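Working notes, beginning with the structure itself.
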């Protein structure tokens, strides 16, 4: 029986290995992690991450051919294929700080694999890594091996949180990069055969090792670029009276452009986009491609601009101050159907409002109070570090209340900010919300999911990104 071991039980390792176990019942899959609480979560009825469909997959396979363990070295030693899905956070100090990926955890994993291995192994890069990381890993494994052959493959993930299980069941493509050697090609075929149990072979793309590594960074950079492009247009729409939804639909019908990732919003978030783009910037700078580096930097600048523009619009609309005013924040995760808050736009928006002395009442159906307080107290890049290396956070923040009901959040509020596109927010009774708010009642739609006309009929003063401005807002322009 083929044995797979995945180092790292996070958002990538857990769901990916669960689906491999489901689709390949003749393969034994073990997910290992040094974090006992995380592994205990995977072995419990309350999984450590929220993802639609994940619980059913895990429960069907767990104990049969899917296992979760803290015995890292034991299962790595026994495995034929080792997936490495560990953190690659942005460096916070030293060379490349704020841009380069920190490969500390990757390097320690490689050294451990070399130390404990007693048989040949295929080592698969599942984490997002800089181009030519495989070369460094090969050197570590080669210099530490004991007549054992290691073959490195790049197999980046292209999952979208909230639809990860759907993406794994029916991926747009599976990318496998390997050396153009007999050993490399054999390893590629081995991994390809595993995915071919449920993925059509024409969707399995095989490349050289460096193309495999760069493709993930390039994909995320292109997606983030589209979001920043449409968000830049949203600012122009507000200035000219155009409607970003109409502009997006118009350009999206062009077959060369397509309609996806053209929804204007308060900005992109998640664990990958900003980190991967800054990594790409660093790689470009290291290769002397400064014009290219500056091009990709601008994608991040526009994203930051969109968040600060939103905060400025809130403050300017409410008589140029939110001091001591209650602002309800609906949604804190970076997108719907996930509890992940990494780089969530809500974090920067909340910090901006707190900086102007607002009182915040926050509700999200999947994010805990502890997580929200931690996010609002941590510095940039701290959250990318493993939990045990993150600085301690306060148990509360004086100006912040976290509640578990949307109606409680908005009661007596001066304004409402919709920061995540959770479906439940579209179904709320907004007449009831309006009746229980301070007047004038403001609603700021950071996700363009609300019926603006209906809300204005109720009596709300509404700001929706990229939409023609409410007459009230035209008289109080936001400076950004």
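Cβ coordinates are placed from backbone N, Cα and C, and glycine is handled just like the others.
Curation does not apply to TrEMBL; its annotations are automatic.
Quick look at what TrEMBL lists:
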- 8-13, 33, 38, 86-90, 127-128, 161, 272-275, 342: NAD(+) binding site (BINDING)
- 272: active site, nucleophile (ACT_SITE)
- 328-452: domain 'UDP-glucose/GDP-mannose dehydrogenase C-terminal' (DOMAIN)
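Features recorded in TrEMBL, as mapped to the structure shown.
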residue : record                   : Cβ contacts under 8 Å, 6 or more apart
8       : NAD(+) binding site      : 31, 32, 33, 83, 84, 85, 86, 87, 126, 127
11      : NAD(+) binding site      : 49, 51, 159, 161, 164, 271, 340
272     : active site, nucleophile : 128, 220
274     : NAD(+) binding site      : 224, 268, 300, 303, 343
- Item | Protein Cβ atoms within 10 Å of residue 87 (NAD(+) binding site), excluding its own | 18
- Task: Could you put numbers on the helix, strand and coil content of the domain 'UDP-glucose/GDP-mannose dehydrogenase C-terminal' (328-452), residue by residue per DSSP?
- Result: 42 helix, 19 strand, 64 coil
- Note on the structure: Other C-beta atoms within 10 angstroms of the C-beta of residue 161 (NAD(+) binding site) total 24
